[in-house]
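In what follows, a single structure is set out as structure tokens and then discussed.
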Amino acid sequence: MMANILGAGVYSDIFFVAFKLPNLFRRIFAEGSFSQSFLPSFIRSSIKGSFASLVGLIFCIVLFMWCLLVALNPLWLAKLLAYGFDEETLKLCAPIVAINFWYLLLVFITTFLGALLQYKHSFFASAYSASLLNVCMILALLISKEKTHLEALYYLSYGVLLGGVAQILLHFYPLVKLGLLNLLWKGFLSFKTKNAAKKKYRSKRIKRDLKGFFKQFLPSVLGNSSAQIASFLDTTIASFLASGSVSYLYYANRVFQLPLALFAIAISTALFPSIAIALKNNQQDLILQRLQKAWFFLVGVLLLCSIGGIMLSKEITELLFERGQFSPKDTLITSQVFSLYLLGLLPFGLTKLFSLWLYAKLEQKKAAKISLISLFLGLAASLSLMPLLGVLGLALANSLSGLFLFVLTIKAFGFQLFLGIIKNLKSWLVILFLACVEILLLLAFKSWVTHLYLFYYFQGF
């Protein structure tokens, strides 16, 4: 829908730049950076209501002040996000940045409420909240279909905010039902107690809990979000390239994220509690056994996705995006970017698996260090390849960054343990067989489609 109305040009670039930072936070929070640091601290806290309400209040105040600062003067952030845009484009971009930036506050509230629901093993609201954002954005695009591109940008931006509000509202019913809203309210009221002894005890416990939470939070964010930050930096660099480059990266990355989220992130999220418990009980053999099963499953699935995606990149892009303002030229470039992104699917996905070991051992600082090194190496690759390959160089550099991240994570995990996990000839032969079958089937399918197209073309259909 977005490709149909905005295409891949200056207006789509403006929106993707404006939405990039809020979307970065959405993806970081959604992939567990907040929950992995908040939930352990929340579970250990003896004053859960006070701790949760204070964490929520601190984040909301800080984010509100940032949003207000950007709303009052959005041009500086627009320049920071897209330094390569000319002055006229930056002036168009600034108010769109100001509107979209408020989504940061909304997405934090959604994530915070979702983390509380996870404590009660309630996942429905978190699972479906993302779809509400998409629904609101689609409705905004439908309403603005007959408007100018600039007007459509404003409709779409307000659609993002409406989606954020809808995401928050979706969480309220389960929060009330499970008594969590009442817990937050009581926690907030507890700060008004006049009992000096209780106040001193609560203050001491809160300081300890907050220190533990923030000690884990920042490294967890850095360690979990190297792919997202790399993509964010690529957007800024792409603003120096030809019009449409930011859009090509965005459209290709959206499709690339699908198998990563469906398989790698989902499996690592589900596996984390059992790995943490087994590590606590010194059951290393059990951990390695589970990691081995997950390894071969992910290698098989992600390899098949990569092969299929690369071989059908043009067809996938054409099917998803080529209509309205999205031209065949846009399809060609986006499909090439998508293919280069897919080269990094295996390393990025498998890194998610082995980083569980570091987080279960509470080595968030080591994970953050690895993430920063891979980011710097990826940034160097982007700056080196961009003059030669343009937007394609940025996509290739992103995949190289994933490879750096994977190698460094395996080094931290231990090469001997890693070699023990991947020793299974039977599993490798099965994966190789499936990959060969997929390649042959896709070649036959593409040949059949080509012959069918030529037949109907010469028949005059």
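From the backbone N, Cα and C atoms, a Cβ is placed for every residue, glycine too.
Note that this is a predicted model, so its numbers are computed, not measured.
Annotation comment: Swiss-Prot describes 5-25 (among others) as transmembrane segment.
Annotation comment: Swiss-Prot describes 51-71 (among others) as transmembrane segment.
Here Swiss-Prot flags 96-116 (among others) as transmembrane segment, drawing on sequence analysis.
For the transmembrane segment (123-143), the residues of the chain that approach it from at least six positions outside its boundaries are 1-2, 5, 30, 110, 113-114, 117, 152, 155-156, 158-160, 162-164, 166-167, 170-171, 173-174, judged by C-beta separation under 8 angstroms. Taken from Swiss-Prot, the feature transmembrane segment applies to 123-143 (among others).
Under the heading transmembrane segment, Swiss-Prot lists 156-176 (among others).
Taken from Swiss-Prot, the feature transmembrane segment covers 229-249 (among others), and the record attributes it to sequence analysis. Residues of the same chain lying 6 or more positions beyond the ends of the transmembrane segment (229-249) and with a Cβ under 8 Å from any Cβ of it are 6-10, 12-13, 16-17, 20-21, 24, 80-85, 330, 333-334, 337, 375, 378-379, 382-383, 386, 390-391, 394-395, 397-398, 401.
Under the heading transmembrane segment, Swiss-Prot lists 258-278 (among others), citing sequence analysis as support.
Feature annotation from Swiss-Prot assigns transmembrane segment to 293-313 (among others); the stated evidence is sequence analysis.
Annotation source Swiss-Prot lists transmembrane segment at 337-357 (among others). Using a Cβ-Cβ cut-off under 8 Å and counting only residues 6 or more beyond its ends in the same chain, the transmembrane segment (337-357) has close neighbours at 223-224, 227, 248-249, 251-253, 255-256, 259-260, 263-265, 267-268, 271-272, 275, 279, 287, 291, 294-295, 298-299, 302-303, 305-306, 309-310, 313, 316-317, 367, 391-392, 395-396, 398-403, 405-406, 409-410, 413, 418.
Residues 222, 226, 229-230, 233-234, 237-238, 240-242, 245, 248-249, 333, 336-337, 340, 398, 400-402, 404-405, 408 of the same chain sit 6 or more residues outside the transmembrane segment (372-392) yet have a Cβ under 8 Å from a Cβ within it. The feature transmembrane segment is assigned by Swiss-Prot to 372-392 (among others), with sequence analysis given as support.
Per Swiss-Prot, the feature transmembrane segment maps to 402-422 (among others).
Among the features that Swiss-Prot reports, transmembrane segment is placed at 429-449 (among others), with the record citing sequence analysis.
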In the same chain, which residue numbers or ranges, 6 or more beyond the ends of the transmembrane segment (51-71), come under 8 angstroms Cβ to Cβ? 38, 41-42, 45, 77, 97-98, 101-102, 104-105, 108-109, 112, 116, 183-185, 187-188, 191, 205-206, 209-210, 213
Counting Cβ pairs closer than 8 Å, which of 96-116, 293-313, 402-422, 429-449 has the most of them with the transmembrane segment (5-25)? 96-116
Beyond the flanks of the transmembrane segment (156-176) by at least 6 residues, Cβ under 8 Å: 2, 15, 18-19, 22, 96, 99-100, 102-103, 106-107, 109-110, 113-114, 116-117, 120, 122, 124-126, 128-130, 132-137, 139-141, 144, 182
Touch test for the transmembrane segment (429-449) and the transmembrane segment (258-278), at least 3 Cβ pairs under 8 Å: no
For the transmembrane segment (258-278), what are the same-chain contacts with Cβ under 8 Å, counting residues 6+ beyond its ends? 31-32, 36, 227, 284, 286-287, 290-291, 294, 297-298, 301-302, 305, 309, 345, 348-350, 352-353, 355-357, 359-360
Sequence-remote contacts (6 or more beyond its ends) of the transmembrane segment (293-313), Cβ cut-off under 8 Å? 255-256, 259, 263-264, 267, 271, 335-336, 338-339, 342-343, 345-346, 349-350, 353, 421-422, 424, 427, 430-431, 434-435, 438-439, 442-443, 446
